[in-house]
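First the structure, in the form of structure tokens, and then the observations on it.
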Amino acid sequence: MSPYILATLLFSLGLGTTITFASSHWLLAWMGLEMNTLAIIPLMAQNHHPRAVEATTKYFLTQATAAAMLLFASTTNAWLTGEWSIEQMTHPVPTTMMIIALALKIGLAPVHAWLPEVLQGLDLTTGLILSTWQKLAPFALLLQIHPADPTILIGLGLASTLVGGWGGLNQTQLRKILAYSSIAHLGWMILILQFAPSLTLLALLTYFIMTFSTFLVFKLNKATNINSLATSWAKAPALTALTPLILLSLGGLPPLTGFMPKWLILQELSKQDLAPVATVAALSALLSLYFYLRLTYAMTLTMSPNNLTGTATWRLPSLQLTLPLATSLIATLCLLPLTPAATALLSF
């Protein structure tokens, strides 16, 4: 792809998200989301592979459906209340429709089925953009909607944590595993959205850091399935030793960064007298932890060739920049001691 076209598309991605961030009117927010969608579609289809084209088509149809539902919900709200302002979603019917539309945008269960299929058809760089940057604009809108009854958000959150855990158990493709990991993490964020929006932002930030590290590690190793992880020790032994810590941080184990948002979310849910919800969420985290441990086992405790069917790849030197990976790796592993500072900032 021409660097000028690439720069234009990336600029449009940033502009669409910024417009949604800055908007207080539903039509302007919808326009920002549409710019976001249209800018990433050429990036997704740039390889001209049939699988990439299929993933792009699925993504376009899903996002178009969500955008139509969002526009219909905002129009219904204007018809019932006379208000186009985002913060004036007072009627329960358009509010529920809007939450479902935004859930479809980011891939929350039970409207999640498109996300693993789309991510599987993309290269790792575009998959990273889809898993991180594309979540920002819908989350900005979700944070501004205050439903009178938080039951729908709790239902979506619990469904996402459970589906994200169960769905990733029998997967061998790394991109599908990361998609189900995304669904599970989004469920944790939605669970606490109504009670502590600042915790949702903290969980989103830590998820971005950990996912950034994971995608860059897989990109450095040119790994797309579990079998190809077994050859990574010969390419980058030091990074292979640290990668299990990244995966365990995604699973939310102390003393790693990923433990911080889960700990604070469980604490807040208990304060809100939602101990059963907190229990189910904590148990669903064990499901996710299992498939992270599968990746860890394949990467560090097996040697290629092993008894699984797979071909070893050429051990060529990588041209990928290592500074972004080193920075995100340190953040993924070492931010837990900053929890008191994070809670102080959030309460402020």
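Here the Cβ of each residue, glycine as well, is placed from N, Cα and C on the backbone.
According to TrEMBL, the feature domain 'NADH:quinone oxidoreductase/Mrp antiporter transmembrane' maps to 23-284. The domain 'NADH dehydrogenase subunit 2 C-terminal' annotation in TrEMBL covers 289-341. Marked as transmembrane segment by TrEMBL: 60-80, 92-115, 151-170, 177-196, 202-221, 233-254, 274-293, 323-346.
When each of 60-80, 151-170, 202-221, 233-254 is checked for Cβ pairs under 8 Å to the transmembrane segment (177-196), 151-170 comes out on top. Non-local neighbours of the transmembrane segment (274-293) in the same chain are 154, 157-158, 161-162, 164-166, 168-169, 171, 177, 180-181, 184, 187-188, 191, 247-248, 250-253, 262, 265-266; each lies 6+ residues outside the stretch with a CB under 8 Å from one of its CB atoms.
Beyond the transmembrane segment (202-221), the same-chain residues lying 6 or more positions past its ends with a Cβ under 8 Å from any Cβ of the stretch are 124-125, 127-128, 131-132, 135, 139, 174, 178, 181-182, 185, 188-189, 192, 228-229, 231-232, 235-236, 239, 243, 246-247, 249-250, 257-258, 260-262, 264-265, 318, 320, 324-325, 328-329, 331-332, 335, 342, 346.
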